[in-house]
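Q: In case it's useful when we look at the structure, here is the feature table from TrEMBL:
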TRANSMEM  B:103-129  transmembrane segment
TRANSMEM  B:149-178  transmembrane segment
TRANSMEM  B:199-219  transmembrane segment
TRANSMEM  B:265-289  transmembrane segment
TRANSMEM  B:295-315  transmembrane segment
TRANSMEM  B:352-372  transmembrane segment
TRANSMEM  B:478-508  transmembrane segment
TRANSMEM  B:561-578  transmembrane segment
DOMAIN    B:731-796  domain 'CBS'
Protein chains: 2
Amino acid sequence: MFICLKVLCVVTMRNEEHSYKNVEENTTMNNHNMEEVVEERDPEHNPLNEPLLIKRNRTLSGNPLALVGSKVSYIESLDYEINENDLFKQDWRSRSRTQVLQYIFLKWLLAFFVGFLTGIIATLMNLSIENIAGYKLLAVVEYIQNERYLTGFVFFMGINLVLTFIAAILCVCFAPTAAGPGIPEIKAYLNGIDTPNMFGANVLFVKIIGSIGAVSAGLDLGKEGPLVHIGSCIASILGQGGPDNYRIKWRWLRYFNNDRDRRDLITSGASSGVCAAFRAPVGGVLFALEEVATWWRSALLWRTFFSTAVVVVVLRAFIELCHEGKCGLFGAGGLIMFDVSNVSVSYNVMDIIPVVIIGVIGGVLGSLYNYLLHKVLRLYNLINQKGKMYKLMLSLAVSLFTSVCQYGLPFLGNCTPCDPSLPESVCPTNGRSGNYKQFNCPKGHYNDLATLLLTTNDDAVKNIFSTNTPLEYQPTSIIIFFILYCILGLITFGIAVPSGLFLPIILMGSGYGRLLGIIMGPHTNIDHGLLAVLGAASLMAGSMRMTVSLCVIFLELTNNLLLLPITMIVLLIAKTVGDSFNPSIYEIILHLKGLPFMDANPEPWMRNLTVGDLVDVKPPVVTLSGVEKVSNIVDALKNTTHNGFPVMDDRVVPPTGVASEATELHGLLLRAHLIQVLKKKWFLKERRRTEEWEVREKFTWMELAEREGNIEEVAVTKHEMEMFVDLHPLTNTTPFTVLESMSVAKAVILFRQVGLRHMLVVPKYQVTGVSPVIGILTRQDLLAHNILSVFPHLAKPKGREKKN
Amino acid sequence: MFICLKVLCVVTMRNEEHSYKNVEENTTMNNHNMEEVVEERDPEHNPLNEPLLIKRNRTLSGNPLALVGSKVSYIESLDYEINENDLFKQDWRSRSRTQVLQYIFLKWLLAFFVGFLTGIIATLMNLSIENIAGYKLLAVVEYIQNERYLTGFVFFMGINLVLTFIAAILCVCFAPTAAGPGIPEIKAYLNGIDTPNMFGANVLFVKIIGSIGAVSAGLDLGKEGPLVHIGSCIASILGQGGPDNYRIKWRWLRYFNNDRDRRDLITSGASSGVCAAFRAPVGGVLFALEEVATWWRSALLWRTFFSTAVVVVVLRAFIELCHEGKCGLFGAGGLIMFDVSNVSVSYNVMDIIPVVIIGVIGGVLGSLYNYLLHKVLRLYNLINQKGKMYKLMLSLAVSLFTSVCQYGLPFLGNCTPCDPSLPESVCPTNGRSGNYKQFNCPKGHYNDLATLLLTTNDDAVKNIFSTNTPLEYQPTSIIIFFILYCILGLITFGIAVPSGLFLPIILMGSGYGRLLGIIMGPHTNIDHGLLAVLGAASLMAGSMRMTVSLCVIFLELTNNLLLLPITMIVLLIAKTVGDSFNPSIYEIILHLKGLPFMDANPEPWMRNLTVGDLVDVKPPVVTLSGVEKVSNIVDALKNTTHNGFPVMDDRVVPPTGVASEATELHGLLLRAHLIQVLKKKWFLKERRRTEEWEVREKFTWMELAEREGNIEEVAVTKHEMEMFVDLHPLTNTTPFTVLESMSVAKAVILFRQVGLRHMLVVPKYQVTGVSPVIGILTRQDLLAHNILSVFPHLAKPKGREKKN
């Protein structure tokens, strides 16, 4: 009752706002079916403890900026379980040896193309960004050298605003889901949550162009997150044979029209994206494994590895091509992005103390960043939900602020004379890349703040990672750099452009590391550039909480294997420290978006609750007969939002001595399949079972795989209402079941490990006349905060021993 | 009937041999319970197709040498499932916040000590090996320089024989399970199979000393596999609080007395072992992940990573210590074992052709090696099963052959004048390590065959990996080296000493790579040293079939990140080629040992079979009542070999309108717990349920965790036989269940994903009077070849589309 009221209140609040198509209100556990609904039931139990805001943000959108307002729709779970019905088995049996080989071949071919296209798109993006940003900066340097400072500023700011505008307008108008990194949604997809409009062709297009615009505009964001999303989009589009409206209905591709194969492809795509972003093939695979994927098989490990190998070969080919100077300002640099292999790493065991300090402070800073970013995102939500204009304005304001700082702050820096041992071509530089920028300084001098600020983000990282240059940067410059990028890192991520989190954190962290290097200078002989690398690593671990994959990515970024032991220690410490404060940034975003993500570990209190208890507070399950009247099916579909219906048979007498009528569970039927049946009007005049040949002729597995269709679109005449449908051939005869006495903790493990959408609860006793299914549990029923909203007494903060 | 006869025949064959204690003959599916029995039912269905031998080898031993004969015992499955009974819940509820923190702290502390001890033992082993082998070789060189060739040979051979004898006698007499690499058994353990005597203190001791002996003796085997086993032993011993007979019964440690935590520790141990062997922390984690572990959680990834980080720090500390020359002949070399980072990797896209060729040939050679090694191991079994003397003789014979070849063959090599550009200290060398060995050559000349053969295996790898030396080795020398190590690699692995497979394959592969380099010389500009690295990688992938972990291990071994793309391609191609011929070498050994390993993917034909079909061919399940008479319990334990008994209650009337007597499934009770009940004589005079306080007082969870005890050891008086036991508090109330209509394919997935030991089969209909459990399936029931022996018609070779 209490919950009922709360929902009503939310509904009222909502109606003051606009456009809530498709939002389902059947949310509460005790009087509605909880299945496949987006909302978070009891905000007070949200670990982030934001009662007011979360209540407003109870609808889902793919956009972190517009949790309410933009594109509201409800999410579905994915069918990762193999639907073993007669049609599937028949289809599977009819596959010839050749078709099986075709399927395997195609799988590898698709993995190849995922890598190939991701590699090509990543290179083209790099090419565009380096050229746009390069020519922009060259022009600015020209103005400055001629002392036309104001014109230079107007030019710099104007270009940045235009580029930001392009990125933002595309995101706002064409693909709101393209804003942000996209990694949380991919993580959710691989967990079994289908966020709508995430992997379409329009998203891909907006993501590519938007990312080029945003990064060229010098905003404090990276192309790494977007590249992961781009890789996944490519994988998804390839797997379904093209963009939504222009799909190739190729016979070979039909086997890929299922959620399982799509999941595998998207995993490959995500790995390829990371690989293309950091030129880190092993790191990419591990990133997908550690951070993104929920399920993992060694066959997938292998195919993913293949995709990233292809990416590396493509990148390498382009690098060779560009070495000859055909790519404009793009060209310098090989496969290693931030090479620090030239430094001799001479540390001894006592250097473990500064390393520990870096790790601890990095962990604190990382979790602080998570905390503050969460606050900022909530504030941005308030602004963004006011309308598209506000979103645009916010983006442009951030761009303006960034331009002012990047252009203005270097004037505060002092001019330092170049080290005479350096050749003139190295110090000072005036071109696009390179250390020791001259900026407004006289000949033979350089401005260290300009070196760090008035450059592309990639180059800024390169410059601050530069080794054997302990005196290049003055402490004040590093402090200004660090503070500026802390502020930019917080305010930039939430705006309506494609944005990655990696680079902002690396920039912040490298500033922090270098600063620490200056402070600890006399006490350690670790190079300042290396300390910058370690600082970046520690902040990444403190915020994103990855270990092995980050370690390998840093290894591949910096090409210095001797750094490995200390990197490992920094990462472990920073993650431990960060974990004691708050969850990882991706988890925070998942929560903000209200995605029903299933964690790997059940809560300890779940052992004290049985699935029977959960079923008791749910409405009774709606079942269908093996041969069912059309009108009953239409009723079931119209009156419930269930996505799965148990199919019962009365006819079977069990093979015991006792000859009695028994109810038998035949299996589980999906809503999508029922709608297909109604659409195809596969009706029978009398109540009978269909023959096998009838099944073969009327339906194919391929048609069933289509998930489109809504019960409202189906027109059934009154005459047809009285007819029958034989549901047996369509029913998945092997659903996973649990006894009612099963603990919720184990049910959660089963649900997640096997990748279920529906879990049937069966009675633990044997009595004639009782239904063999007493309930169905779905993802929403098993989420901790949903359960706690109904059983609040369970939430004793007792410890987390089962969590590790 | 047919199968029955076959078993009888096998039994007869067996009786002609000796010592079959503990072997259970209740094997066949249709008339005995299949549970927990070692043997392979129908040898004709073994994928290796060795009807005769496998039939002889149907018992298990931990020793690849002595599949029949040595230490025969039957294996048990492990209880990875959480046994949620009243005692467990009570114990878990009673844990205070402090205890929970203690538990977490201890987990990390143990991970630390696993890494720490593995690191120290690995260093000490290295130290011993380098010194023993070093002084041996120095003396031999002395003899040769004085032209006392025969004395030199006798000395060389004698020392080698003594060292081999020490290693072999220890393995043969004290710990037969210490022979071989141990990796297959660890893999099986993590899959849920408890091979007896694998992780004891004696095994640890024998493995350390034996490995030092065998490697110092110059045998063609590595310390890598043994180090993985050593790491696992350390982890297991630490987790249980010390060696079997001297355990610390520390209160804190009691939480670790379960299979789950032990599994996690052993995973850490295996990673630490690889890390210590190759000084490859990330590679170690990935090896455990890709090759060894069956289940994986990100929390475990992280803790494993911590262990390997500790190993690296320990190794690094020792290296620093030894740089000052305090470690005898040990000292040179840093964290990178086979550093090839000094070579400039200048390859272009067209070099992909030689790379593909290396991969293809490597895959063929690798699978050929698997095939031949399998044959050799079978032959060795025949020899080894004749007795301990034969085992010893075989080992000594191999040692003799190795000595003869290593000492004699270099005399066939020509003396080559040193490159004048090399300083005299580099060429020729006469000490222990170093390229360009002088051997029998005049001053200023070196013998290239001696450089490769008369050295430790590690140095041989270093020498053949040496870069920028295309002309150092003559083609004939490389051919001799390659052929010799092919022969040694085949004949050495199966002898009764601790032996790893990594190094023999690397030696073979590097020879092959270098040979290919000489052949392809004019057509590629890849360095010959790099080709040797690639050759080694391709043979490893062709034989062991790992990808990502091998790639990282090679990266960490050679410290050359630019090699990564071509290494990836070589590995992928070699694995693909190898997979098309035969399974990986570890799978072959698992099969040879008859370990019931559960594969990740069900066979396609398993979709056409339901678990009901399996249950039908099994004997009826034996159930117990909630409150059971002692005599019934003793009967059940004595007359069956079942390890789990469903517990039924009759009393409960289901909460429906129909008031009828119903049978309710209370849960599953383990044999081990029943034996504890009988031992502790926890009997009741009358048929009643125990109160909660009684339970608390009489039993603790800790006592239940003990798995020792046999029904034969339990003495129950006639009077006690008439008493009762309340089984409710001990029963796991949340066993995993499947409906009888569930397909075997999905049951296998559930079984493996959740890590089960018993899977209850429940009826799909509801009828009063039918038991709520119609059968129990265990690991053996779900193994493909066991099922095929009963349902042979299912095995149509149709394709493997569901396998990828």
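All residue numbers here begin at 1 and follow the chain in the order shown.
Quick reminder: no glycine exception, Cβ is built from N, Cα and C everywhere.
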Q: Ranking B:103-129, B:149-178, B:295-315, B:561-578 by the number of C-beta pairs under 8 Å to the transmembrane segment (B:478-508), which range is first?
A: B:149-178
Q: Does the transmembrane segment (B:103-129) come near the transmembrane segment (B:295-315), with 3+ Cβ pairs under 8 Å (pairs 6 or more apart)?
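A: When sequence-distant Cβ pairs are counted, the transmembrane segment (B:295-315) touches the transmembrane segment (B:103-129), since at least 3 lie under 8 Å.
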Q: Counting only residues 6 or more past its boundaries, what in the same chain has a CB within less than 8 Å of a CB in the transmembrane segment (B:149-178)?
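A: 61-63, 65-66, 70-71, 132, 136, 139-140, 143, 185, 195, 197-198, 200, 202-203, 205-207, 209-214, 216-219, 229, 388, 391-392, 395-396, 398-400, 402-404, 406-408, 440, 495-498.
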Q: Which of B:199-219, B:265-289, B:295-315, B:561-578 shares the most C-beta pairs under 8 angstroms with the transmembrane segment (B:352-372)?
A: B:561-578
Q: Would you mind listing the long-range same-chain contacts of the transmembrane segment (B:295-315), meaning Cβ under 8 Å and 6+ residues beyond its ends?
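A: For the transmembrane segment (B:295-315), the sequence-distant neighbours (Cβ-Cβ under 8 Å, at least 6 residues beyond its ends) are 80, 107-108, 111-112, 114-116, 118-120, 122-123, 190, 263-264, 267-269, 271-272, 275-276, 279, 281-282, 284-285, 288-289, 335, 753, 755.
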Q: Averaged across the domain 'CBS' (B:731-796), what pLDDT does the model get? Just tell me the whole number, please.
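A: Its mean pLDDT is 87.
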